[in-house]
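As given in Swiss-Prot:
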TOPO_DOM  1-107  topological domain 'Nuclear'
REGION    1-58  region 'Disordered'
COMPBIAS  7-18  compositional bias 'Low complexity'
TRANSMEM  108-128  transmembrane segment
TOPO_DOM  129-194  topological domain 'Perinuclear space'
TRANSMEM  195-215  transmembrane segment
TOPO_DOM  216-241  topological domain 'Nuclear'
TRANSMEM  242-262  transmembrane segment
TRANSMEM  263-283  transmembrane segment
TOPO_DOM  284-296  topological domain 'Nuclear'
TRANSMEM  297-317  transmembrane segment
TOPO_DOM  318-343  topological domain 'Perinuclear space'
TRANSMEM  344-364  transmembrane segment
TOPO_DOM  365-371  topological domain 'Nuclear'
TRANSMEM  372-392  transmembrane segment
TOPO_DOM  393-422  topological domain 'Perinuclear space'
TRANSMEM  423-443  transmembrane segment
TOPO_DOM  444-488  topological domain 'Nuclear'
TRANSMEM  489-509  transmembrane segment
TOPO_DOM  510-533  topological domain 'Perinuclear space'
TRANSMEM  534-554  transmembrane segment
TOPO_DOM  555-758  topological domain 'Nuclear'
Amino acid sequence: MRKQGVSSKRLQSSGRSQSKGRRGASLAREPEVEEEMEKSALGGGKLPRGSWRSSPGRIQSLKERKGLELEVVAKTFLLGPFQFVRNSLAQLREKVQELQARRFSSRTTLGIAVFVAILHWLHLVTLFENDRHFSHLSSLEREMTFRTEMGLYYSYFKTIIEAPSFLEGLWMIMNDRLTEYPLIINAIKRFHLYPEVIIASWYCTFMGIMNLFGLETKTCWNVTRIEPLNEVQSCEGLGDPACFYVGVIFILNGLMMGLFFMYGAYLSGTQLGGLITVLCFFFNHGEATRVMWTPPLRESFSYPFLVLQMCILTLILRTSSNDRRPFIALCLSNVAFMLPWQFAQFILFTQIASLFPMYVVGYIEPSKFQKIIYMNMISVTLSFILMFGNSMYLSSYYSSSLLMTWAIILKRNEIQKLGVSKLNFWLIQGSAWWCGTIILKFLTSKILGVSDHIRLSDLIAARILRYTDFDTLIYTCAPEFDFMEKATPLRYTKTLLLPVVMVITCFIFKKTVRDISYVLATNIYLRKQLLEHSELAFHTLQLLVFTALAILIMRLKMFLTPHMCVMASLICSRQLFGWLFRRVRFEKVIFGILTVMSIQGYANLRNQWSIIGEFNNLPQEELLQWIKYSTTSDAVFAGAMPTMASIKLSTLHPIVNHPHYEDADLRARTKIVYSTYSRKSAKEVRDKLLELHVNYYVLEEAWCVVRTKPGCSMLEIWDVEDPSNAANPPLCSVLLEDARPYFTTVFQNSVYRVLKVN
């Protein structure tokens, strides 16, 4: 957006300088006439010798000429102020036209951004409704659609809004005894629940205002379901908690698309670049996001703020002003990105890992880079405070990299005094940064006692080193944590996204290598030249990092695909392809690319729109109804993590394990609970469950036999973890045949079996 304004300003100013030059030429003649007049009037020009006495006719002619000259001089002095006023008015008129053009450009950019934001919001709402028929589901069915950790997060939103007051609800989730019974935990600190707290406050405020004025907030009706399902009541409108909750999420992600447009427009220098970013996102929508299928996940709240943060960082890298506001905005967007999601710190670490080599070779001036590091440090500190001293923020690779970067910046001059070559100077700084970051990370983890917590970096390390144990297999056997599908690059190619980005990356890489080679050859820093393209180098490095992450963990495509869409906007950049646009019409090139993109892109959109379904899960509904009406409110349950989240959400019964698997203590509990799918003895498992105060165990027959891929059935995972019992029969099969004497079957349907722990 801002880039567009700058370019229009340049065009206007160049026109102004030309007209000003023309006015300058006309005005330049007037002092010459004036000077000539003054010379003649004062007798500055000498007559030939012997001609001092002139004839009367000559004197008269001289008088007439002198009178004419005096008249011209008088007119010049009289017209001078008017000419000045006229020139000033012309300049003012041009300035107004320039401001109007910039305002028009800004308004156009903002208008398009609002339009694409609304378009994306409608797209998300349509896909979500088509998939589940959410508007016609009962409250219980809507809660069941939030499976696994989604149900866990939504349960805290439900707790707050159903409490007598907002503050009481806040106190309840900060002193939660239901989730890891009998432990009392601060759920905000453990599960990053600021989104639920904020949305709950909005919901309570909205309902309070609507009730004050007596306005209806929802419409309810009875829905007749297929036999043997009974009739249920379904409500639609912002007064329904589930509708309000997902509505806020879709609005936020709709706004994200408007931000993508402005991001692409600013990076490429043209609004057409922003449109290419948006179209690429829509054409590759299934590869770019999953918010329409899984709204409550942490990434749905967090990722839009990463887009904002990267847009602000691009502005900082491109401009050379000392304005503090972009740096403050960078700090706040970092906080907004980190608070909702535990994996956000690792993504910010990849940013620092991309920025540091740019600083080393001279793409970023030290003072600017130092400010960026300080803002990141402040954002970590603020997040640590707001998350009630969550030590994960201080023991991450991100925090360690910030400290090492700060130390290297301070010691830079001392390293230079070693008198090494430029290349060795770079290698020393890079080696010190990597080694120092890794060592500092492990030291802080040990000191703060969080070395046993699983992070995204641990999963990536397990992938690279091919290390497996019970905990890593629980993660990596899930489809979203598998390697990238082989068909994904083909899908990128069909929409022309991959070829376009590869061409852009090659041009940036070629220019970067040429610049760095020249720096090494001349042994000087090309700060002015390199600073102009630092944002391009940064985006290229981030693209490489996101590509590596997406290949290792499929779920991280959510970072790669949108970033590729932003990079695709650079096909409109005259900075990169000005040589091409001077030979071929700019519009023809872009129109041709968009035409080819839209062939497969439109087919992808039609495939998404064709997904029509209606949610129902009768076995789980029967289970939840039985628990709600056939057990006491203090009965404690254990079982598969996804099912436990649903039990807590819909029945409010205590559970001992849940899907938020990063915490070391929780993983130890889950390991005990999942031992029913091992080859251990029934007595040993029963005794361990009693230590956790479990009253009922929910056994799922599918978990006894399901195998997502080789080595990923629960029995195979346990054989890796517990080889000493590999010869014993599976406990799950024993319990399905006859659970006595250590367990008693009290409920059973086609999927679930509830065992009372004796």
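Note that Cβ sites are derived from N, Cα and C of the backbone, with glycine treated the same way.
Simply put, out of 263-283, 344-364, 423-443, 344-364 has the most Cβ pairs sitting under 8 Å from the transmembrane segment (372-392). For the topological domain 'Nuclear' (284-296), same-chain residues at least 6 beyond its ends with a Cβ under 8 Å from one of its own Cβ atoms are 123-124, 127-128, 131, 146, 149-151, 153-154, 245-246, 249-250, 253, 303, 488, 491-492, 495, 497, 557-558, 561-562, 564-565, 601, 604-605, 607-608. In terms of C-beta pairs under 8 Å, the stretch of 108-128, 242-262, 263-283, 344-364, 489-509 lying closest in packing to the transmembrane segment (423-443) is 344-364. Sorting each residue of the topological domain 'Nuclear' (365-371) by its DSSP state yields 6 helix, 0 strand, 1 coil. Listed stretches 195-215, 263-283, 344-364 were compared with the transmembrane segment (108-128); the greatest number of C-beta pairs under 8 angstroms is found for 263-283.
Long-range neighbours of the transmembrane segment (297-317) within the same chain, counting only residues 6 or more positions beyond its ends whose Cβ lies under 8 Å from a Cβ of the stretch, are 2, 149-150, 153, 192, 195, 249, 252-253, 255-256, 259-260, 262-263, 266-267, 289-291, 326-327, 329-330, 333-334, 336-344, 347, 351, 364, 368, 372, 534-535, 538-539, 542, 558-559, 562, 566. Each residue in the topological domain 'Nuclear' (444-488) gets a DSSP state, and the totals come to 27 helix, 0 strand, 18 coil. Counting Cβ pairs under 8 Å to the transmembrane segment (489-509), the top-ranked stretch among 195-215, 242-262, 263-283, 344-364 is 263-283.
Secondary structure by DSSP for the topological domain 'Nuclear' (284-296): 4 helix, 0 strand, 9 coil. Residues 1, 109, 112-114, 116-122, 124-125, 128, 134-135, 139, 142-143, 154, 157, 199, 202-203, 206, 218, 235-236, 274-275, 277-278, 281, 289, 291, 295-296, 300-301, 303-304, 307-308, 311, 562, 565-566 of the same chain, all 6+ positions outside the transmembrane segment (242-262), place their C-beta atoms under 8 angstroms from a C-beta of that stretch.
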